[in-house]
Ligand SMILES: [Zn+2]
Ligand SMILES: [Zn+2]
C-alpha cells in the first residue's frame with residue numbers, strides 16, 4: 001500500500017521492535033489483503049485495535065466463507081488460551097486440582113489419549129490445547145486455510161466444547177487468574193459470543209455466566 | 001573456384017596432393033591446350049574429360065580432407081574430455097579412499113574403545129596408525145602406470161600418429177577448415193547433451209541418419225564391422241560424414257570410379273573406432289558406477305554413523321577436512337576431538353595402511369569410476385528438497401534451532417509457545433512426498449510471542465527470549481533424551497529451569513557460546529547482556545551503544561571466544577570484548593545509513609574465519625572482516641529484506657531467508673547462489689523469519705510467518 005508521499009507501509013516486526021510497537025501498524029482494509037492468511041490477519045487486526053469490541057471482531061466480512069471464518073477464529077482462541085494456560089501453570093497444580101472439573105457436576109476426561117483419561121486439570125488444559133493445535137493444523141482435515149470441507153467444519157464444535165472447559169475450570173477454581181486474564185483479553189466473553197453466534201455449543205454447556213451478564217441470551221434467541 | 005587456380009599454377013603440386021593419381025607429365029600441356037581441344041568431346045580420353053576427372057578428384061580429396069579435419073577435431077575434443085573425466089575420477093577416488101580410511105580408523109578406534117571397556121585390555125587389531133594421506137601428485141603418477149586407460153596408450157598414440165600422417169599427406173586447406181570449423185563447434189556444443197541423451201535413451205536422435213549412412217557404406221565395404229554405430233563418437237563421425245556427403249551429392253554421384261574410397265574409409269574409421277570404443281564405453285558406464293560408488297559409500301557412512309556419536313564427529317571432521325582441501329580454507333581446530341586425523345600433505349603414502357580388501361577395491365575402481373573435475377566439488381553439493389512440514393503453531397514461527405546431534409528441533413512462535421519436534425516421528429501426509437511431523441512437547445511460559453531461541457552445545461538446555469522481556473531456560477529432566485517424550489505426558493514444572501530477567505523490553509536475539517555455557521542476548525531496551533545462565537548472579541555484563549540505536553541481533557565471534565558481535569538497527573555492528581565490556585571493532589559501511597533502511601536483521605559469525613555476515617533490510621547481505629572492520633563483500637541477495645542467516649558447520653555454505661518468501665543457499669567461496677527454494681507464504685509483509693543448519697546432520701530448516709516450519713534434506 002502506497003502512502004501519499006510514495007513511501008510504502010511495510011507491516012513488519014523487525015528485530016529490535018519495542019514491545020509496545022509490536023504489530024502496531026496502520027490497519028489494512030480486508031479487501032486489500034491478498035494473502036492466503038487474510039482472515040487471520042484481519043481478525044488479529046481487529047483484536048489488536050480493541051479486544052473488547054466483540055461485535056466488530058465477530059462480524060464476518062461480506063462474501064467471506066463462513067467455514068474459514070469460524071476456523072480462523074477458533075485458531076485464534078486456542079492461541080490466546082495459551083496465555084490462560086501459562087497463568088494456570090503457576091497455580092493449578094496436579095496435587096490440588098487432580099481432576100478437570102468446573103462445577104462439581106462433571107468430571108471431564110481428557111480426550112488426547114487413546115482411551116480418555118482422568119488427567120489433572122493442568123494436564124487436561126495442556127493436552128487439550130496441544131491436541132487442538134494438532135487437529136486444527138492437521139493436513140488431513142484442514143489442508144487449506146482458504147477453503148474448508150464441510151466435514152471438517154463439523155469438527156470445530158467438539159474442539160470448542162473441550163477448550164471451553166479451560167475457561168470454566170479457571171472461572172470456578174482460579175477466579176483471580178480468570179478475572180485478570182478476562183479483563184485483559186475479553187477472551188471468554190468473545191468465545192461465548194462466538195459459539196453462540198455460530199451454534200457451535202449448546203447453551204447448557206456455557207456454564208461461565210457471561211451471556212446472562214450481557215443479557216444477550218434473549219437477543220440471540222430472538 | 002580455387003581449383004582452377006591451383007591447376008594452372010603447377011602440375012607438380014597436383015601430383016603431390018593427388019597422391020596415388022598418376023597424371024603423367026602431360027598434365028601441364030593439358031592445361032595449356034585446353035581451349036583448342038574443346039570440340040573433341042567424343043574422344044575417349046579427351047583433355048576436358050581428364051580435366052573434369054582431375055577437378056572431381058581434387059574436389060573429392062579436398063572434401064575428404066576437410067572431413068578428416070572435422071573428425072580429428074572431434075576426436076581431439078573427445079580425448080580432452082576423457083582425460084578431464086579421468087582426472088576428475090581420480091579426485092573422487094582420492095576422496096573416497098580418504099573417507100574410507102578415516103572411517104576405518106574411526107571404526108578401529110571405536111572397536112578398541114569398546115573392547116577396552118568390555119574386557120579391560122587393549123585390543124590388538126594390527127595397525128592403529130591414523131591414516132596418512134598421500135598428496136595428489138603421488139596418486140597421479142601411480143594411476144599413470146596402473147590404469148588400463150593409460151595401458152592402452154601406445155596403440156592409441158599409434159592411431160593418432162597414423163591419423164596425423166594421413167592428414168599431412170593430403171595437406172591442409174585453411175579455407176575449408178574455416179568453413180567446417182563452425183560446424184565442428186556446433187557439433188561439440190551438442191556433444192554433452194547428445195552424450196547424456198544416449199546414456200539415457202540408448203539411441204540419439206541422429207541415430208537414424210548414421211544408420212542410413214552405415215548401411216550405405218556397408219554396401220561398399222567388405223566385411224562390415226559395424227552396421228550400427230557402437231559408440232557415440234562413431235555415430236557423430238558418421239553423422240558428419242553423412243551431412244558432408246549429402247551436401248556434395250553431385251560429387252559422389254559423378255560417374256567416376258572411386259576405387260580408393262573404401263580404403264580410405266576403412267583406414268580412418270576402423271583405427272580410431274576401435275580405440276574410441278573402450279574409452280567411450282568407460283564413459284557410458286560412468287553414470288551407473290558413480291551411483292554405485294556413492295551409494296556404497298553412503299551406506300558405509302550410514303552404518304558407521306550408527307556406531308557412536310564420536311564416530312559421527314569424526315565423519316564430520318573428515319568431511320570438513322576434505323572440504324578444506326578443496327577450498328583451501330584455513331580451519332581452526334579448537335576444541336575438536338580426533339585431531340590426529342588431520343591429513344598431512346607433506347608425508348608420503350604409507351602403503352601399509354591396513355586397508356586390506358578395501359584398498360584393493362579402490363585401486364580396481366581406478367579406471368572405471370569417472371567423475372568430471374568440475375563436478376567432484378559438486379559431489380558434496382546436494383540439492384535440498386522439502387521433506388518435513390512442521391505444522392502445529394497457530395501463528396508465525398519466529399525462530400528455530402536444531403539439536404546438536406539428534407534429528408530434533410525446537411521452534412518458537414508468536415503463539416506464545418515453543419514446540420519440540422522429532423523428525424523421526426512422522427505422520428505420512430497423503431498425496432504428497434513430504435511428511436508431517438507432530439510436535440512432541442509444547443513449552444509454555446512466555447506470555448507473549450516468542451522471538452528468539454538457542455540450544456546449548458549438549459542439547460540439554462534450550463533458551464528462549466520473548467516479547468514479554470523474559471529469557472526462559474528450558475531443561476528436560478530425568479536425563480532422558482529429547483526424542484523420547486510422550487506428547488501427552490504429565491506436566492513437569494521442572495522443565496522450566498530458570499528465567500533470566502533483566503531486559504526491560506522485547507528480547508530479540510540469543511546466542512550460546514558452547515565452550516563456556518555463556519549466553520548473549522539483545523533486546524529492544526537497547527542493551528546486550530552476557531549471561532552465565534546456570535550460575536548464581538547469572539548476568540555477567542551489559543553492553544550498550546546508544547549512538548547506534550537498538551541492537552537487533554547478536555552472536556559470539558567464533559574464533560575469539562572473548563568477543564561478541566552485536567548488530568544495531570542503525571546498520572552498524574560492533575564487536576565487544578566480553579571481559580572489558582568495551583567495543584573493539586566497529587563494522588561500518590561508512591555510507592549514510594539513515595537514508596535507506598539498512599537495518600541489520602541478523603548477524604552471524606563464520607564458524608572458523610574472522611568473518612561477520614549481516615542480513616539487511618535493504619536486501620543486501622554484507623561480509624565484514626572482524627580484524628579491520630572493513631566491508632569485504634556486499635551483495636543484493638534477495639528480492640526483499642533479508643531476515644535470517646545461517647552458516648553450515650563447515651563454514652562452506654550460507655543459508656539466507658527473506659521476506660521474498662524464499663530461502664537461498666550460497667557458496668561462501670565465490671558468493672554464488674547454489675539453490676533457491678520458495679518456502680513460505682506471506683502474512684502481512686513478513687514471510688521467512690528464520691533459517692538453520694543442523695550442526696551434524698544433513699538438514700536445513702526454515703521458519704515462516706505462515707506458522708509453518710519446514711525441514712529440507
Ligand atoms: Zn486448577
Ligand atoms: Zn491428558
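Glycine residues also receive a Cβ, built from the backbone N, Cα and C atoms like all the rest.
Residues or ranges marked as domain 'Striatin N-terminal' in TrEMBL: B:47-177.
The coiled coil annotation in TrEMBL covers B:65-113.
Marked as region 'Disordered' by TrEMBL: B:196-231.
TrEMBL lists B:210-219 with the feature compositional bias 'Basic and acidic residues'.
Panel annotation: around the repeat 'WD' (B:390-431), residues 309, 312, 437-444, 446-455, 457-459, 462, 464, 466, 474, 481-483, 485, 683, 686, 689-690, 692-697, 699, 701-711 of the same chain, lying at least six beyond its termini, place a Cβ under 8 Å from a Cβ of the stretch. Residues annotated as repeat 'WD' in TrEMBL: B:390-431 (among others).
The feature repeat 'WD' is assigned by TrEMBL to B:443-474 (among others). Cβ atoms under 8 Å from those of the repeat 'WD' (B:443-474) belong to residues 395-396, 398-406, 408, 410-420, 482, 495-501, 503-512, 514-515, 517, 519, 521, 523, 525, 531, 533-534 of the same chain, restricted to positions at least 6 beyond its ends.
Secondary structure by DSSP for the repeat 'WD' (B:500-531): 0 helix, 19 strand, 13 coil. The repeat 'WD' annotation in TrEMBL covers B:500-531 (among others).
Sorting each residue of the repeat 'WD' (B:635-676) by its DSSP state yields 0 helix, 25 strand, 17 coil. Annotated repeat 'WD' per TrEMBL: B:635-676 (among others), in sequence order.
Taking DSSP states H, G and I as helix and E and B as strand, the repeat 'WD' (B:390-431) has 0 helix, 23 strand, 19 coil. Summarised as a single figure, the pLDDT of the repeat 'WD' (B:635-676) averages 91.
Same-chain neighbours of the repeat 'WD' (B:500-531): 335, 451-458, 463-473, 538-544, 546, 549-556, 561, 564, 566, 576, 578, counting only residues six or more beyond its ends whose CB sits under 8 Å from a CB of the stretch.
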